[in-house]
Amino acid sequence: MQYSIEVNNQVEIFDLNKVAKQAAGAVMLRVKNTVVLATVARDDVQVEEDFLPLTVQYIEKAYAAGRIPGGYVKRETKPGDFETLTARIIDRSLRPLFPKGYAYPTQIVVMVLSADPEVDLQVVGLNAASVALYLSDIPVNRPVCGVRVGYIDDKFVINPSNSELKSSALDLYVAGTKDELLMIEMRSIAQQSSQIIPIIAIDPMMDPSLNDSITQKQDMNEFSEDRIVEAIDFAGKAILRASNAYEEAFKEHKKEDAILELKPEIENENIAIYIDKFYKNDVKNAINQMAKSERASELGKIAKQIASDEVAQKEGWEEGVISNVLGKYKKKIVREQIINEGVRADGRALDEVRPISIETNVLPNAHGSCLFTRGQTQALVVATLGTDGDAQMYDILTEKTALIEKFMFNYNFPGFSVGEASPLKAPGRRELGHGNLAKRALAPSIDINSPYTIRLVSEILESNGSSSMASVCGGALALRAAGVDTQKLVAGVAMGLIFEGDKHAVLTDIMGLEDHDGDMDFKVAGSSDGITALQMDIKLGGISLEVLKEALYQAKRGREHILNLMHQADSKIEVNEDVLPKLELFSVDPSKIVDIIGQAGKTIKEIIERFEVSIDLDREKGEVKIAGGAKKNVDAAKDYIISITSKENSRGFGKKPHGHDRRDKDRQKPTFNIGDEFDGVVKSVVDFGAFIELKDGVDGLLHISKIKTPLNVGDRLKVCVSEQKGNKISLSLVE
C-alpha cells in the first residue's frame, strides 16, 4: 500500500506492507530519488537493568550512489562518522516516545538504498524510522517528524536541498511531535563576502575603479536568542503539519499495541517508605558527595546497611532491589530540593556557574594547549597546526568527490575521568557526538581561508557534567595559544531542566547528578554576539517554546560570565613561536608549477628532502605553500623555488618551445666534472649546510660537515664539485 504526502517542501512516498513484513514495523520511504528502508524489531523478554534497551543503526549502502566500496574489502564495514551521528539523531528523537518502564530490547535499522544528491538523508531517515515505529505494535501513539531549517537571503527555509544549505547562514535540525519539541541541533555557518574599500588615488589620471581595494570579510553568523526561538517556532509549525499528515494517513494501519508488562517506577513501595523514614538524611549527605564514584560508594553503603536491617531480613528485601529503589529515591530528593527549596546538591543557585580556572600553554612542545577546569570537570585541549596534506578526506554518499576537512575536533573520555577502571577503547557514539558539537561551535570563528589544517584534541581528565562545553571553552583558548587569530572567543554552557507538576526550574552549568536525574540536557555555545551551536535532548514528553526561551536567556547570562574569565586568560597568553610550524604562502606563474614538481615528482621530492619542509601546490592559481619546523629552511626552500621558476628555460607542462625537443632539454641540464672549481656565492644557509650559486643560476650544496666557519648569505668562497647525481651537486671547499 502506497501513500504520497506532500509536506514541508517535499513529496514523501511511503510504501507499507511491501517489504520486511516479519519486522514489528517497516516502511519504505522515497523522496525524489532517495529511497530509505526503516524497520523496527522487538524481543519478547525484558532486560533486568533499569534502562531503555533501544538500539538505532543507520546504514548507507555504497550501491545507493552507484559505487563499489573502496579499500581492500569490497563491502560496507564499520559505520562512518556521518552514519554514527545520524543514528544518534534518530535515537535521541525517538527515545522520549517510549513509555516509562518499557524494558524490551528494541532495534531500529535505517538503510539508505538509493541516494539523491539533493535530498537530506537525516530528515528522510528520521521520518521513515518514526513512521515504522508508529506502525509497529510497540505502545508509541504519536509519530515524530524531523525538519531542517536554513536561513537564506534573510529568510527561513524549510528542508533546504543540500546545495541550498551550502549558501545558508543557519543549519537547524528540529524533531518533535505535533505538541512538543523533543530534539534540537543547531549550528551557524560562517560566510565570506567581498568588501570594496576606497583608497586614495596616487595618480589622478588612473582609472577610478583601480582606486578601490577589495578585501574579504568573514561573518560568523551568530544567531541571537530571539532569532533562534523564531527559527524553532518556524520549525515547530512545519512539524505540526507533517505530524498531522502522518497521523491521518497511518492511524488506520497502526498495529494493535502488544500486551507488554511495564516495570513499575518504584519496584517496592515499602522499601521507599522505609528509606524515607529512616535514611532520608543519609541519602541527602550522599547526594552532597560531588564525585560520581564517591556518591555511588556512599549509596552502596546505605543499601548494604538497609539490607542488614532486621526489617529487610524479615521482608526478604534483596540488596539489588534495595539499590534500585534507593537510586530512584535519590533522584526524587534531588528534584524536590531544586523545585521546592531552590537548592542544588553543591549549594549553588539555580543560575550559578561553578568556579573556573584556566591555564594556557601548559604543554611546552605542543603548538597550543589549555587546561580548562570548571568545578569537577576538567578538559585538557591541545591544538596542532598542519598543512593541506594533513587534512582529513572523507566520503559522503550525496557528494561525487571526497570532501576535505581542514578543522578537526577529537574528544576523548577515559574511564579515570570518573574514577572508573575501564579499558581504553576506540571512540564511541558519545565521543563522536561531543567532538562534533564542539567542532560546530568553534568552526565559525576560524578563518575559512586559513592556510593551516587545525586539529583540536580534548582529553577529559575529570568529568562531573558539561565536559563537551568545557571542551569548547578550552578549544577556543588553545587556538589562541597556538597563534590562530580566531574572530572571537566562543564559550559553552550546559543547561538542565526539572519538571514537577506545574513547576519547573532551569539550571545553569549542570553537573553529572543533575544531568542524570533531570529532564533535559541543553548545551549552548556562542560568542558575546550570539549562538554558534546548540544541542537539546529531552527525557520527558517534550518542551514548550516558552520554557526553551527561558533556558536560552539564562544560558546567555552564564555564557557571558564564562567569556569574561576567558578574555582575562586570553590577554595573558604568550604564544610559543619556537614550536609553531613556519609557513610561507606565495604565488608563481601557474605554468611554472610543473617545474616545481619535476618529472614524476622528482624535483619537489628533492626540495622536500633537501630543506626538510612540506609543500602544497595549487596548479590552477599558482599558489605555493611551504611549511617546516625551521624558518631558515622554509625561506631557503622558497628562494630555491623562486629561482627555478624564474629561469628563462623553465616552462610549463605541454609548452614545447619552437625548435626544441627532448634532446635540447637534456643538453640544457648543467653538467660538471668532479674537481671543477668555482667562485661561488652563498645563496642560503640551512640546518644541514649552505647552498652555493655556481654559474647560470645553478646551485650546489656545501654540507655542514665541510664548513669550518659560519657563513652568511652573500659571502663569496671558492668551492669545487665533489659529486653530481642528476641535478644534485655536492661541493667541497677549496683550501
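Just so it is clear, glycine is given a Cβ too, placed from its N, Cα and C backbone atoms.
What Swiss-Prot records for D515, D521 is Mg(2+) binding site. The domain 'KH' feature in Swiss-Prot is assigned to 581-641; the stated evidence is sequence analysis. The annotation domain 'S1 motif' is assigned in Swiss-Prot to 675-734 on the grounds of sequence analysis. The region 'Disordered' feature in Swiss-Prot is assigned to 649-671.
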Cβ-based isolation winner (fewest other Cβ atoms within 10 Å) among the binding-site residues D515, D521: D515
Residues of the domain 'KH' (581-641) by DSSP state, where helix covers H, G and I: 32 helix, 18 strand, 11 coil
Three-state composition of the domain 'S1 motif' (675-734), taking helix and strand from DSSP: 3 helix, 36 strand, 21 coil
